[in-house]
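Record features (Swiss-Prot):
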type	residues	note
COMPBIAS	65-85	compositional bias 'Low complexity'
TRANSMEM	93-113	transmembrane segment
TRANSMEM	135-155	transmembrane segment
TRANSMEM	159-179	transmembrane segment
TRANSMEM	189-209	transmembrane segment
TRANSMEM	227-247	transmembrane segment
TRANSMEM	281-301	transmembrane segment
COMPBIAS	681-693	compositional bias 'Basic and acidic residues'
BINDING	D1089, E1096	Mg(2+) 1 binding site
BINDING	E1096	Mg(2+) 2 binding site
Amino acid sequence: MRRAGRSRQFSSVEEAFSTSAARPGPRGRRSGRENTAKFVPATLSASTSFSRIEGISSRSVTLASPGSRSGSGPRSGPRLGPRNRSTSRYRWVPAAAGWTVGVIATVSLLGSVSPLIRYLIKVPREFINDYLFNFPDTSIAWSFVLALLAAALTARKRIAWLLLLGNMILAAALNVADIAAGDNTAAEIFGENLGFAVHIVAIVLLVLAYREFWAKVRKGALVKAAAVLVAGDVVGILVSWGLVELFPGTLARQDRLPYVVNRVVGFALADPDLFTGRPHVFLNAIFGLFGALALIMATIVLFQSQRAENALTGEDESAIRGLLELYGKNDSLGYFATRRDKSVVFAQSGRAAITYRVEIGVCLASGDPIGDPRAWPQAVDAWLGLCQTYGWAPGVMGASTQGARTYREAGLNALELGDEAILRTSEFKLSGPDMRGVRQAVTRARRAGLTVRIRRHRDISPEAMADTIARADAWRDTQTERGFSMALGRLGDPADGDCLLVEAIDRDGSVVAMLSLVPWGTTGVSLDLMRRSPSSPNGTIELMVSELALNAESLGITRISLNFAMFRSAFEQGAQLGAGPVARLWRGLLLFFSRWWQLETLYRSNMKYQPDWVPRYACYEDARLIPRVGVASVIAEGFLVLPFSRRDKVHTGHHPAVPARLAQSGLLHHDGSAPDVSGLRPERTDAEEARSRLPEQVRVRLAKLKVLQRNGVDAYPVGCPPSHTVAQALDADDQQDITVAGRILRIRDFGGVLFAQLRDWSGEMQVLLDNSRLERGRTADFTAAIDLGDLVEVSGQMGFSKKGTRSLIVTDWRMIGKCLRPLPNKWKGLTDPEARVRTRYVDLAVNPESRELIAARSEVLRSVRQTLFAKGFIEVETPILQQIHGGATARPFVTHINTYDMDLFLRIAPELYLKRLCVGGVERVFELGRAFRNEGVDFSHNPEFTLLEAYQAHADYRVWIDGCRELIQNAAQAAHGEQTVLRPGADGRLQPVDISGIWAVKTVHDAVSEALGEQVDPGTSLSTLRKLSDAARIPYRAHWDAGAVVLELYEHLVEDRTEEPTFYVDFPTSVSPLTRPHRSRPGVAERWDLVAWGVELATAYSELTDPVEQRRRLQEQSLLAAGGDPEAMELDEDFLQAMEYAMPPTGGLGMGVDRLVMLITGRSIRETLPFPLAKPH
C-alpha cells in the first residue's frame, strides 16, 4: 500500500506544471508588471511624457562590457539590471533539484521504451520508487510530468517548489508510518530510514531555499485544458481497455479496467502487485503513450491560451504609437512594435516601453525599446524584472547599436546578427558602374511595359485594398506570414494609413508586384512586405525600389530601410582576397544553408543598391542560453510553427499595460490609433530639462520673461526706428524730443531716481529716470523688468544730472529685447581670446575695441573699392564652386554636387575666370571676394579669407607696384585718418608707423644673396644652392629644381625677416607657372611679392599670355598633381581654350585683404575677422 499511497501525490500535476515551458497567462503577466514596475502615473503631457534624443551608430561584432566575457559565464562587473544573480548560499538548489528530477525523467522515459534499460535499472529503480521518489517501471506520461517538473524547478517556479516540497513531506510521512508500523525486514528498515533521512534533508534544503524559487506562472485557460485532458484520458482508457481485452495476457478480467486507468491516468504509480496477473509487455508502453498524448494535448491547449497573452490591447498600441510619433524618427524597426501578437512593458516613467513575446520560456524583446532613449534603461529594468518574476530567459532580436549598448549596460551580452540595408535617397542614382546591374534590370522591366504606382494606404479604397490583400496571400511562398521584429504582419488596417504601397503595373493595368513599407519617423519608410507574381518580368523589384528612391523627394522621404541581411559581414569578409580559412569555411557553411534560408540571396539582393549597412544585434544573458534564444526567435519569426498557433491581427490582449493615469487621461484610443500629441512635442520636454541645468542667473531672467509675458508685455516687439543715435542725441538741443535705443550696461538705482548706461553703435550715454518725470510707471518697474544687457528704447529730452553729466531725461521707455544671459564683467569684459572668438556678438556688445576693428575693416574694404573704381575698374563675381582647382598652388576644399554626381572645389583663387574676362575684352576688372584653402590655421592664416584680384590690360607688373602701394596707403588713410599702420612697440603697446612715400624694391636673388653673404643669381647651379641651404640649415626636397630651392631660401631668410614694406621682384620662372618670363633676364619671371613685417601682403605678375607656353606649364603642374602633390594645379582645358583666343598684355594683382587689415590695425587675423574658424567644443 506504500506505493499506492504515493501514486496519489500528483493526481493533478499536469495542471501544475503545464506552464513551465509555455507562455504565461494574463493574470500572471499583470501581477508581474505590478510587482516589477510600479508605474509613475504618466499622462501624455509636456511635463512628464516624452523627449527626443539622437541615435548613434557603429559597427562591431560584440558589445560585451569592459571587464566581462563576450560569450558566457559570470561577468566581473556588476549587473545593472534587476536580474542580479543570487548571492545566497542556496542558489544552487533550484538547478540541483531540476537536474535530479530531470535525470529521473530521462531514465524513466528510456526505461519505458526499452526493455533492456528497464531490466538494467530494475534494482535501483525499485529502491527509489519504494523509499525515495515515484519511479514506475514504464510510464511515458509520468516521464512527461517529471520533465515539466524539472523544467519548472530549473526556472525557479514557485509552484514547482511547492509541489516538490509537498511530495517530499508526504513521502517522509509515509516512511514514518511504515517505520512506526514495524513488522519490516532489516532491508526494509534500512531503506525506510535512509529514505526518511533523504526526505528530511531535501525538505530542509527546500525550505531554506524558498527565496530562490521566485518565479511565478502566468495563468492559462485551466478549465479548457482540463476538459481536453479528461477527454483525452477517456479516449485513451477506452482504447487501452479494448487492447487489453484483445491481449489480456494473465491479467484478471476484474483488474483490467483499474489496471488501464492506473497506466493511462495514474502514471503507473500504483504497485503492480495490487493487480492479478500482467498483460503483454508492449501494452504498458502504449498505455503510457496514451496518457502522455492526453497530457501533451492539454498542455498545448494551455500553451495556446497563454500565447494569447502575447497580444496588445488597444490602449497599449495607442500608447506605443504616441511614443513612436514623438521619438520614432531614429528607429527603422520602431513601427513594428505595433504588431499585435506581442506584449508590452513600460518604463516606470511611462516614457519608454519594450514589446516582447514569450516562447519556450524565453522572453524575446523586439528590437530597441520604444520611446525616449533617456528612459530606455528604465524600460529594460522593468522588462528584466518581468523576466525574473516569471523565470523567463531574456533575449533580444534586432537591436540597434544604441539599443544593444543599453541592454549590455543592464547585464546582457550582444552578438551581431547581420546588417540592415539603408538607402539614402539623396545619394541614390542609377548612373555609375556600381549600379550597372540595377540599371539594366530597370531597363528590362520598363521595356516589358511596367510602370510604378505609389500610394499611401489611406488613399486606397477598401475594395482595392481587399484585392491587394488577396494578391499578397496568393503570391506568398509560405503557408503563413512570417516576422516578429522586422515585419508588421497585416495589411489593410485603418490604423496603418501612413504606410506606403508601391505597385508594379503591366501594360494591361494588372498589378504584378508590390512593396508595402511602414513609416520610419516622418521622413523614412521601412520595408514590410515584398510580393511579386510568378509571371512578372525580370527587374520588377529593382524597378519598384528605384522608382521609390528617385521619387522620394515628392513623398517627403529621405531614407528607405530595405531587407535585413543576416551574417552580411561573413559573406563579405569570406569572399575577400586573402581571407583566412576560418572566414572561408564560415562563408561556405552559410552558402550551404542558403539553399533553404536565402541568406546569401538577401545579402546580394540588397547589396546591388549600394546601401549603407547598419548592424543589428541579438542579446542574451548567458552563452548557454544562445540555442534556446535562437529556437525562440525561430518560433517568433514564424520559421517554426507550433501546433494550434496563430498570429493575431486584432487586439486580443486582456489587460492594458499602460500606466493607470495615462489610460485614464482620455488621450489613448481603444482601437489602437495614435493619440493626439500635436501639442506635446518633445522639444518642450527637452527645453524644460535643459532649463533645469541652466545657470541660476539665466533661470532668473527666464522667470522675469514669463512674468512680463503674463502681464501682456511683448519683450521682443516689432522694430521702430529711433529718432537719434546716441552720438546725435549728445549733440542735440535740450528741448528737443529724442528717442534712442540701445543696450543697458549699468544700472544705479537710488529709489525715486535711477541712472542707467545705454550704448548703441555710435556711442554710450547716461539715461536718467525720475518718478516725477515719467509719464507712466515708476522707476521700480524699470528695475523689476530690466537686467544688464537688455535692449531698451527710451524717450525724453536731453539735460544734465545734478553732477553735471549730460543725460537723457526719460519720460517713457519700453523693452525691445530681453537678454537671457548675463553679460561679462562690466569692467574687464571678455578677456579669454578663445571666448572672444566663439562669442563675437558678446565681445562686440561690451568691447569698444572690437567695434573699432569691425569699423576699420569696413573702411579698408570701402577704400579698396573706391580706389579701384576711381581708376576705371569694374567689379565682377566669378564662381566659388569650380570643377578644377587652379589659379594658385594650394590644397583645395572638396565638395560634391549630387545633381551631376561630381566633385567640386571651393575656389583657391578667382584668377582663371578673371582672365577669361580679359580675353573677352574687359580691360580693367577686379573681384573682392572669398577664397578657400585647406591649409593651416595660425595668426596670419584662416581657411576662409578675403582676396582681391585685379587685372589691367596693357600694363605689367611694375605698374602694379605703384597701384598696390596706393591701395594700401589709401586704406590706412581711411582707417586712421593718416597713412600709418599700427605695430607693437617695445612696451607691447601698438604704436603708429608711417608708411607714406615710396617703398623699397629688391630682386629676389639680391635679397637672398644679402641674407646668405654669398652671391646668388638665376644662373647659380642647383648643387651650389643645395650647399648654401645646408650651410644655412634650410631643408629642401630632393626633387626640387634651382628655382624651388631659391624660393625656400627666400621664404626663410628674407620674407620672415623683412620689416618695412618691400617689393621683392623677379622670382624664378619654375615657381611662377602663370607668369610671363622676364623680358631681359633669363631664368626669372616678371613677378613681385610685397612683404611687410614678415607677412606677404600682395603679389603681382606680368601675366603669361602665350597659350602654348601656358599649356606646357600647366601640363607640368598636372603631372605633379597626378603624382600626388595636393597643391599642384590641375589642367583646365576650358581656360587654355579661352587663352587661345588671345589675351592682351596684362598686369595682375593679388592681395590678401585680411592681411591688409592685420597690417593696418596691428592685430591677428582671428581678431580682425568677425567670425574666424574655431575648433569645435
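If you go along the chain as it appears here, the first residue is 1 and each next one adds 1.
Every residue gets a Cβ built from N, Cα and C, even glycine.
Worth saying up front: this structure is predicted, and the values here are computed from it rather than measured.
Highest Cβ contact count with the transmembrane segment (93-113) among the listed stretches 159-179, 189-209, 227-247 falls to 189-209 (criterion: pairs under 8 Å). Listed as Cβ neighbours of the transmembrane segment (189-209) (distance under 8 Å, sequence separation of 6 or more from its ends, same chain) are residues 88, 90, 93-94, 97, 127, 130-132, 161, 164-165, 168-169, 171-172, 175-176, 178-179. A 10 Å cutoff on Cβ-Cβ distances gives D1089 (Mg(2+) 1 binding site) a total of 21 other Cβ atoms nearby, all chains included.
Within 10 Å of the C-beta of E1096 (Mg(2+) 1 binding site) we count 17 further C-beta atoms, all protein chains included.
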